[in-house]
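**Student:** I have a structure here, written as structure tokens, and I will follow up with some questions on it.
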Amino acid sequence: MKELLNRLISHETISTDEAKQVIFNISEGKYNDTQIAAFLTVYMMRSITIEELEGFRDALLELCIKVDLSAYNAVDLCGTGGDGKDTFNVSTTSSFVTAGAGVKVAKHGNYGVSSVSGSSNVMEYLGIKFSSDAGFLEKCIDQANICILHAPLFHPAMKNVGPVRKSLAVKTFFNMLGPMVNPAFPKNQLVGVFSLELARMYAYLYQNTDKNYTILHSLDGYDEISLTGETKSISNNSERILKASDFGVSELKQTEIAGGGSVESSAEILTNILKGKGSQAQNNVVCANAGMAIATSRNMSPHEGFAEAKESLESGKAFDSFKKLQKLSQN
């Protein structure tokens, strides 16, 4: 590790194979917490290369506990987090709206590191069971159209990193990796990233896979469609700038999509929206993101996807998916 750190501090880069080996070494407990923290810190101070990101991704996918949900042709809605915006849990809320529209969802998530409340914090608070049992996950996706894949259960090799990330409490390259390492290997993916540079890296790596994908970055910094400004969208066949008008709605103010200051208030926002008690701004931003997931899965326009998402939310189907998942979690 000493030699590696010296190279990285001297602005050298490492190869894909070397990046893979670092993750393998971390998983085998070869580095102490201080060394891991130093390694993560280097990548907060310099850009990651595509080769390095690819190596880290490949190692995590090789080491993860895999679950085969390929029969469901599911989509994952997952953001990198780390955008510093402290919105409510847009991707998680949008996942239930997507499920309510009849699109199967394999939602990858984790506890918050740089935010008050990550996807898993809210799901856990609301009584959603975390399991790596394939039978349980299939039952969830069959009956509720959605299953929750809590990252630590599927990436045990990374147990040594969790406490370090928590104590650092800022985004690290593991934020960049989260959406790439879903253990169900979903064929459809809506991924939000915290920078334009990372959006381009994702596009480069995804174009060499069989994924059907849409990568999003709001130009004012959000790792999702915020409707507070324009959003860069990169998919298999196109690059475009999305505006609020593409979904038939008006632009929002940033304060209108602010998150709760605690897990409890974040959970309340999510359930209120699904119950039909959300503000128009909250409903629109959720339907825009769910709409893009639906559009990605069903090969339709953002406007058409938005209409399906809105119907899912307003008809109560989104809340039904949530209630079914809650009920399955109690058995």
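The backbone N, Cα and C atoms fix where each Cβ goes, and this holds for glycine too.
What Swiss-Prot records for this protein is below:
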BINDING   GLY79, 82-83, THR87, 89-92, 107-115, SER119  5-phospho-alpha-D-ribose 1-diphosphate binding site
BINDING   GLY79, ASN110  anthranilate 1 binding site
BINDING   SER91, GLU224  Mg(2+) 1 binding site
BINDING   ARG165  anthranilate 2 binding site
BINDING   ASP223, GLU224  Mg(2+) 2 binding site
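Provide an account of the burial state, proximal residues and distances for the features listed.
**Tutor:** Counting every protein chain shown, the number of other Cβ atoms lying within 10 Å of the Cβ of HIS108 (5-phospho-alpha-D-ribose 1-diphosphate binding site) is 25.
The Cβ of GLY79 (5-phospho-alpha-D-ribose 1-diphosphate binding site) lies under 8 Å from the Cβ of VAL90, SER91, PRO179, VAL191, GLY192, VAL193, PHE194, ASP223, GLU224, each of these being in the same chain and 6 or more residues away along the sequence.
The Cβ neighbour count for SER91 (5-phospho-alpha-D-ribose 1-diphosphate binding site), using a 10 Å radius over every protein chain in view, is 27.
Other Cβ atoms within 10 Å of the Cβ of ARG165 (anthranilate 2 binding site), summed over all protein chains shown, number 21. Under the three-state DSSP scheme, ARG165 (anthranilate 2 binding site) falls in the helix class.
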**Student:** What Cα-Cα separation, expressed in whole Å, is found between HIS108 (5-phospho-alpha-D-ribose 1-diphosphate binding site) and ARG165 (anthranilate 2 binding site)?
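**Tutor:** Rounded to the nearest whole number, the Cα-Cα distance is 18 Å.
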**Student:** Hey, of THR87, ASN110, TYR111, which of those binding-site residues are within 10 Å of ARG165 (anthranilate 2 binding site), Cα to Cα?
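**Tutor:** Near ARG165 (anthranilate 2 binding site) by Cα: none of them.
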**Student:** Quick check for the class: what is the C-alpha distance, in angstrom and rounded, between ASN110 (anthranilate 1 binding site) and THR87 (5-phospho-alpha-D-ribose 1-diphosphate binding site)?
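**Tutor:** That comes out at 16 Å between the alpha carbons.
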**Student:** Provide the three-state secondary structure of HIS108 (5-phospho-alpha-D-ribose 1-diphosphate binding site) computed with DSSP.
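**Tutor:** For HIS108 (5-phospho-alpha-D-ribose 1-diphosphate binding site) - judged by DSSP and reduced to three states - the answer is strand.
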